[in-house]
Amino acid sequence: MRPLVGVIMGSRSDWETLKHAAETLDELGLPYEVRVVSAHRTPDLMAEYAKTAEERGLLVIIAGAGGAAHLPGMTAAHTPLPVLGVPVESQALKGLDSLLSIVQMPAGVPVGTLAIGKAGAVNAALLAASIVGLRHPEYLERVRAYRRQRTEAVLAQPDPREA
Ligand SMILES: Nc1c(C(=O)O)ncn1[C@@H]1O[C@H](COP(=O)(O)O)[C@@H](O)[C@H]1O
């Protein structure tokens, strides 16, 4: 099936984080593509990717990057599609640099910014499914089922005092 979500990252080294978005999309059965594109290292490719995303049928882009994380914002500058930014945890500053680089967009060019690291990647996939679900309601059903499963797992946990 044609991908509805684009998962992009600034470097292959970001896959350790973005793979959690991919795994969640797999669990939801939501078709996606994965590409390494960088606003810094491959600026022309990044612009081309973002400009053609809509005509290629993508509905949402998940963009993860670390450090001077300009990829989500620069992608958003080239497309009206919703862009979800995932700050990758950097070694030097633990991802605070990534977070601040993504979250402080000027008014007019939004990036939906998620939490640093794995939780952000998982939640980006779930939000992408909710957005896609507005056009294809089966994905809203799958998000509902995903949540129900997690709720049941919590309720089935033993008393924390038990070893
Ligand atoms: N933040 C960006 C961008 C960008 O924003 O376009 N391109 C690469 N990078 C980041 O550089 C970090 C180190 O990359 P390497 O591991 O390849 O040296 C990665 O977290 C990547 O997201």
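Each Cβ is built from the backbone N, Cα and C atoms, and glycine gets one as well.
A TrEMBL annotation is a machine prediction, not a hand-curated record.
The substrate binding site feature in TrEMBL is assigned to Ser11, Asp14, Arg41. Within 10 Å of the Cβ of Arg41 (substrate binding site) there are 12 other Cβ atoms, across all protein chains.
Sequence annotations record features per position, and here TrEMBL assigns domain 'PurE' to 3-154.
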Cβ packing number for Ser11 (substrate binding site), 10 Å threshold: 17
Sorted by sequence, non-Ser11, Asp14, Arg41 residues with Cβ within 8 Å of centre, substrate: Met9, Gly10, Arg12, Ser13, Val36, Ser38, Ala65, Gly66
Assigned element (helix, strand, coil) containing Asp14 (substrate binding site), judged by DSSP: helix
Neighbouring C-beta atoms (10 Å sphere around the C-beta of Asp14 (substrate binding site)): 24
